2 protein chains.
Amino acid sequence: MEILTSKGVTAVPGFKASGIASGIKKSKKDMSVIYSSVPAVSAATFTSNVVKAAPVLFDMENIKNETAQAIIVNSGNANACTGEQGMANAKAMAEKTASCLGINAKNVLVASTGIIGIQLPMDTVLAGIEAACEAISEEGGSDAAQSIMTTDSFQKEIAVSVSVGGKKVTIGAMAKGSGMIHPNMGTMLSFIATDVSISKQMLSKALKDSVDDSYNMISVDGDTSTNDTAFVLANGLAGNETISSESSDYYEFKKALDYVNTELAKMIASDGEGATKLLETSIINAPSLETARLCARSVISSNLVKAAFFGNNTNWGRIMCSIGYSGADFNPDIVDIYFKNESGEIKIAENGMEVGFSEDDAQKILQGQYVNITVDLKAGEYSATAWGCDLSYDYVKVNAMYKS
Amino acid sequence: MEILTSKGVTAVPGFKASGIASGIKKSKKDMSVIYSSVPAVSAATFTSNVVKAAPVLFDMENIKNETAQAIIVNSGNANACTGEQGMANAKAMAEKTASCLGINAKNVLVASTGIIGIQLPMDTVLAGIEAACEAISEEGGSDAAQSIMTTDSFQKEIAVSVSVGGKKVTIGAMAKGSGMIHPNMGTMLSFIATDVSISKQMLSKALKDSVDDSYNMISVDGDTSTNDTAFVLANGLAGNETISSESSDYYEFKKALDYVNTELAKMIASDGEGATKLLETSIINAPSLETARLCARSVISSNLVKAAFFGNNTNWGRIMCSIGYSGADFNPDIVDIYFKNESGEIKIAENGMEVGFSEDDAQKILQGQYVNITVDLKAGEYSATAWGCDLSYDYVKVNAMYKS
């Protein structure tokens, strides 16, 4: 697998994209199009929130079609809690995009992110779609990644290539995160383009499994959004023999897809609202995958753990506490806990109790921008990793002051 | 029911208490005793956290005895994640208390609160127990309430009297909360004294049911502690006919017990670490009690909702979002949302969508120290109320900086 220097969705043959400022936001980019020159096999995962945004409800129908050819995305307004008008607006966005690109409206997917409960300014939106469709290019990936940002502090893009059945397959993707990030089943917004040839069934399986180990293992604030969506479009232009079973080709592709999704998930976690560091929790030697995942997610979601790391505070009891209320069953009296990163590694607890450690060594690790917390349950062979960030004054500030 | 001006556990006939500075904390009170002149029927609820503190494990055995006569409590150290030494120390605390008070060690319950993972300084603790036992008096309730505080900003006490079977029955109680507050089954620390005559079975039922509607419906930070404990001691000195079934006497007593626990729960929520206001969420017209409780707790636990209220921000979409991921099933398209308190009432959403409201009217309500959020699911007859607080810079500060 090769990590490409040309990042994002337009690193993939056959894909064009754009990102423009339509006026939904005061001045920043807020409208983007991703377009495949040929209809692409499509798959998606969506939020498990009972309150689903209009574009999510729209897409849940449209994704049933074999292929998709374009995704239209706006930021600045989530088109959630907007009733029938919101549904009509999501549909109108797809139709306008189809008309501008000369494709079938059934092949358009829609995504929105931003404030909940306000109707989209449709005159602005429709004019924006026209401009965004006109602007698509093979270099437009970066503009697209920028235009989906809300409180994100940096754009999140990646591209890799991998050999599948003797053919070079490229995967390029972009995502946005920042707040209301605690994905369950679907995720924030993530758009993955690839030229692999694959059946819809296998693409759906690959996406779902990959999402469970990546986006579904991050948390910024425990709030599962109304708009979480991950799309993958596979246009087949790589010319590999179509993947239609769990063959070795499938696993080659899946490995690259996992890498792309995990890297984007980590970018989202490290760019959580107000974050000063990326926290990674590895649960090892768990009796089941479910136990490992429950514990990993619980540590990363604990306000007390997150605040402790913001203060470079070695309060490991909060980690024990958070796995204790995770819903998982385990023996607390045999648990070991380690902190590690590029500055070193220390064992901080053994058999559920504190062990002697050097506060200086701990501080060297805690002051890094990335800290791994490894929890050894010593009770089996399963493991899981989750990602999150610390809880800082700025998280509170961002969410107290702005209606995003 | 009468609310007494003489507050706390020593408002109840036959109860003495004390609170002293033993030296576990640098200078503040940290050790208290509650003592009944006669053995009292006892009941308790404990944390559901898999990681249970040593005193919780000790009490889970000791509470099986018919009666208890004293509770020994220290703050400043939770005696959690302390292994066999911690268990021996909890037992030693009970034995020392029994010896000082001249009672059976089986009749002593133990509670601890404070930092996790550090062994108790037992010389200090045992000397403190001796001093605390010597200091007990009929006026000691307030000192006791003060000595169990950790990051609490005010002491939490209440007492009421109620007529049960023609006799005046008194209930006096004290509690502490502040951080790591998201009780499940048990709760932070709450100590309830009463002179009612009641069977152990009915007292246990009354406590469990009451806890489910009070402490189990509050959240400060979503973190369920390792030490949550609620104790009730009923010494029978009121002389009422012993309550041994769900009689009208039982319900008279239960009503007063509910009042006491709910008021203490609200005090704990309003004094959550860094809190600037008390948030109350009422879910009404739910299809089941479980749905109502899930939704109420989810709103109160959402970091995004909490941060919005800190900023007096009318971002009601976050409330919709939080009930959407609560795990409850409901129709989002018919939900109404209201904000209210002593400054007025506004409907902010109707049928899942924003309605026109005056920002000035909203600000009058939001700037209060108490705000009720009512969510009408319009789908049944059940309701539930939960309490919490806003998320402020000071929550982060308290938990980033201190090892409490």
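The first residue you see is number 1, and the count goes up from there.
Even glycines carry a Cβ here, placed using N, Cα and C.
What TrEMBL says about this one:
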type     : residues                                                   : note
ACT_SITE : B:Thr187                                                   : active site, nucleophile
BINDING  : B:Thr150, B:Lys176, B:Thr187, B:Glu273, B:Asn399, B:Ser404 : substrate binding site
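Projection of TrEMBL feature records onto the structure.
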residue	record	Cβ neighbours (10 Å)
B:Thr150	substrate binding site	23
B:Lys176	substrate binding site	27
B:Glu273	substrate binding site	29
B:Asn399	substrate binding site	29
Quick check: in three-state DSSP terms, what is B:Lys176 (substrate binding site)?
strand
Chain A sits near which of the binding-site residues B:Thr150, B:Lys176, B:Glu273, counting only a Cβ gap under 8 Å?
none
Could you find out if DSSP has B:Thr150 (substrate binding site) as helix, strand or coil?
coil
